[in-house]
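J.: This is the feature table in TrEMBL:
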DOMAIN    50-254  domain 'ABC transmembrane type-1'
DOMAIN    327-533  domain 'ABC transmembrane type-1'
TRANSMEM  12-31  transmembrane segment
TRANSMEM  51-76  transmembrane segment
TRANSMEM  88-109  transmembrane segment
TRANSMEM  138-157  transmembrane segment
TRANSMEM  194-217  transmembrane segment
TRANSMEM  237-254  transmembrane segment
TRANSMEM  285-311  transmembrane segment
TRANSMEM  331-351  transmembrane segment
TRANSMEM  363-387  transmembrane segment
TRANSMEM  407-429  transmembrane segment
TRANSMEM  469-494  transmembrane segment
TRANSMEM  514-533  transmembrane segment
Amino acid sequence: MKEKYFAWKTSSVVLTTLLVLPILAIFYTAFGNSDEVFAHLLATVMPTYIFNTLVLTVSVLLLALLFGVPSAWLIAMCKLPGERWLQWALVLPLAMPAYIIGYLFTHWFDFAGPIQIALRDWTGWQAGGYWFPDIRSLGGASVVLALVLYPYVYLLCRAAFMEQNVTLLQSARLLRCTPWQSFWRISLPLARPAIAVGLSLVAMETIGDFGTVSLFSVNTLTTAVYDTWLGYSNLNAAAKISAIMLVIVLLLLSSERYSRRRQKLYQNHFNSHDEYRYTLKGWRLWAALIWCWGLVAVAFILPLLQLISYAWTYFAQSWTAQFRECALNSFTVSISAAVIAVLVALIANFYARLQNNRTSVALMRLSSMGYAVPGTVLAIGILVPVLALDHLVNDIAKMMEWGRPGLIFSGSVFAIVFALVVRFSAVAIGSIESSLSKVSPSLDMAARTMGCHANQMLKRVHLPLIRRGALIAGLLVFIESMKELNAAILLRPFNFETLATYVYNYASDERLELAALPAILLVLVGLIPLVIVNRSLEQKH
């Protein structure tokens, strides 16, 4: 038994090391030799990059707070017509890639867009004779990102509002509190930990965004990493910028952990509070419906209708061999990443269950760190060891007087798959951990009593019981891999496109209508995890 445990421990340690290696590589490279390019950037444009990143993050957080919290409270605490549909619809913007909405918004709100043209026709204003907000700005990028990311805040706040103790609502009614007073004095303070966690997720997504900020010409730390590597071909300087971003992300993670610890003080036992929900009437009801459905319309329905219109009009130009090739590339890479991530998650979780000590749990937690790392930063972390491995292989081939194999790791899909596994193993680990926790320990003891060793116990007992969780884990990793843009755009081999990079390239060239079909496919793929999350929330409540 100990020998088998040793094998599981060795496997878990090796896999964890590989998953953490990109993060270690970033800091190792960043604290290496000084770099003239980085010194030049630090003295010239780096303050602007940092300032734009901070302003963008704060702006998106404020807007996500404005969009997410009132919507969550209205759904959880008020009776609204069609609320069953509405509570699902408010999550849908999360399925829409932000750079797609960004392109559509610039098309709609630019000077030559339909909104300004209609405004000039209606008012008779001439060019230069009126003021209109510039959509291609930091403010425009903030609005687009907030519209896509507010569901993080909405989902967590809705769950927090629904789990609040019903006696507090009863007390508020007895004290004749208005709905606004009940929200401001009771519901909102108790939901602060959930709000903090949701905002942390929004902040990490904002800091790591590349597609939207590049379309809006907003220079942030993410674009700095991209430009430094592809523009200057300087991996050292890119790693230093990546290290700055990692420090910011680690600070956000620390605050998120603190919020979860504090949440124990606020959450109480769950009671059904349907009978204590407010019934809105008159203008209040209309205001609530316009607010909620307006968010859904602006952030999902109208963009989707525009994409469908493009796909119908330009179907012949969209349905091309290149599109089908990109779809095949995405499916191949995503399936590979999903299978490997599920295997990693099984090993990490099963070893943690076998040993159930601090070491095994720590290894599992370390394996999940990649999910918090922005895709662009992770790509740089992947390049450092992968390029070193390529150089080592070529040096050995030269020493042995063989033909040089070239960049067999960094110049192939290996780098992309590696990045996807590092980034999304946390998704698989979390899903399988949840399924495995429902398996009674008595089954393990019974298997040991019958003489089963660890491998037999996993095969005969655990795998049949956690099969559904493993399938969901693989599905989630597959979907996230299909949508990944940041890592793919830096690590893709020459003449290799995924659906995400294919759509982004057309959007950046102002020709998204020719890539409407793959864009719709990405949106439909993104809807699947939202259905899973919403169903789990409905079953819980």
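In case you wondered, yes, glycine gets a Cβ from its N, Cα and C as well.
Walk me through where these features lie, including what they touch and how far apart they are.
T.: Long-range contacts of the transmembrane segment (51-76) within the same chain, counting only residues at least 6 positions beyond its ends with a Cβ under 8 Å from a Cβ of the stretch, are 83, 86-87, 90, 138-139, 141-143, 145-147, 149-155, 157-158, 160-162, 183, 187-188, 191, 195, 198-199, 202-203, 206-207, 213, 218-222, 248, 277, 288, 291-292, 295.
Counting same-chain residues at least six beyond the ends of the transmembrane segment (138-157), those with a Cβ under 8 angstroms from any Cβ of the stretch are 52, 55-56, 59-60, 63-69, 71-73, 76, 90-94, 96-98, 101-102, 105-106, 109, 191, 194-195, 197-199, 201-202, 205-206, 209, 212-213, 216, 218, 295, 298-299, 530, 533, 537.
For the transmembrane segment (194-217), the residues of the chain that approach it from at least six positions outside its boundaries are 53, 56-57, 60-61, 64-65, 68-69, 97-99, 102-103, 106, 135-138, 140-141, 144-146, 149-150, 152-157, 159-160, 223, 226, 245, 248-249, 252-253, 255-256, 259-260, 263, 372-377, 485-486, 489, 504, 507-508, judged by C-beta separation under 8 angstroms.
Among residues of the same chain six or more beyond the transmembrane segment (407-429), those with a C-beta under 8 A of the stretch's C-beta atoms are 18-19, 22, 332-334, 336-338, 340-342, 344-345, 348-349, 364, 367-373, 375, 378-379, 382-383, 386-387, 389-390, 393, 473-474, 476-477, 480-481, 484, 487-488, 491-494, 496, 498.
Residues 97, 99, 208-211, 222, 226, 229-230, 330-331, 333-335, 337-339, 341-342, 345-346, 374-376, 378-380, 382-383, 410-413, 415-416, 419-420, 423-425, 427-432, 434-436, 463, 500-501, 504, 522, 525-526, 528-529, 532 of the same chain lie 6 or more positions beyond the ends of the transmembrane segment (469-494) yet place their CB under 8 Å from a CB of it.
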J.: Count, for each of 88-109, 237-254, 285-311, 363-387, 514-533, the Cβ pairs lying under 8 Å from the transmembrane segment (12-31), and report the range with the highest count.
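T.: Per the Cβ count, the answer is 363-387.
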J.: With Cβ distances under 8 Å as the criterion, find the stretch in 88-109, 237-254, 363-387 that has the most pairs with the transmembrane segment (285-311).
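T.: By the under-8 Å Cβ criterion, the transmembrane segment (285-311) pairs most with 88-109.
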J.: I need to check the long-range neighbours of the transmembrane segment (88-109): which residues 6 or more away from its ends have a CB within less than 8 Å of a CB in the stretch?
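T.: Long-range Cβ neighbours of the transmembrane segment (88-109): 71, 75, 115-116, 132-133, 135-136, 140-141, 143-145, 147-152, 154-155, 209, 211-212, 214-216, 292-293, 295-296, 299-300, 302-304, 306-307, 483, 485, 500, 503-504, 507, 510, 512, 519, 522-524, 526-527, 530, 533-534.
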J.: For the transmembrane segment (237-254), could you work out the same-chain residues 6 or more beyond its ends whose Cβ comes under 8 Å from its Cβ atoms?
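T.: Residues packing against the transmembrane segment (237-254) from afar: 23, 25-27, 29-31, 35, 37-38, 41, 46, 49-50, 53, 200, 203-204, 207-208, 221-222, 224-225, 228-229, 372-374, 376-377, 380-381, 384.
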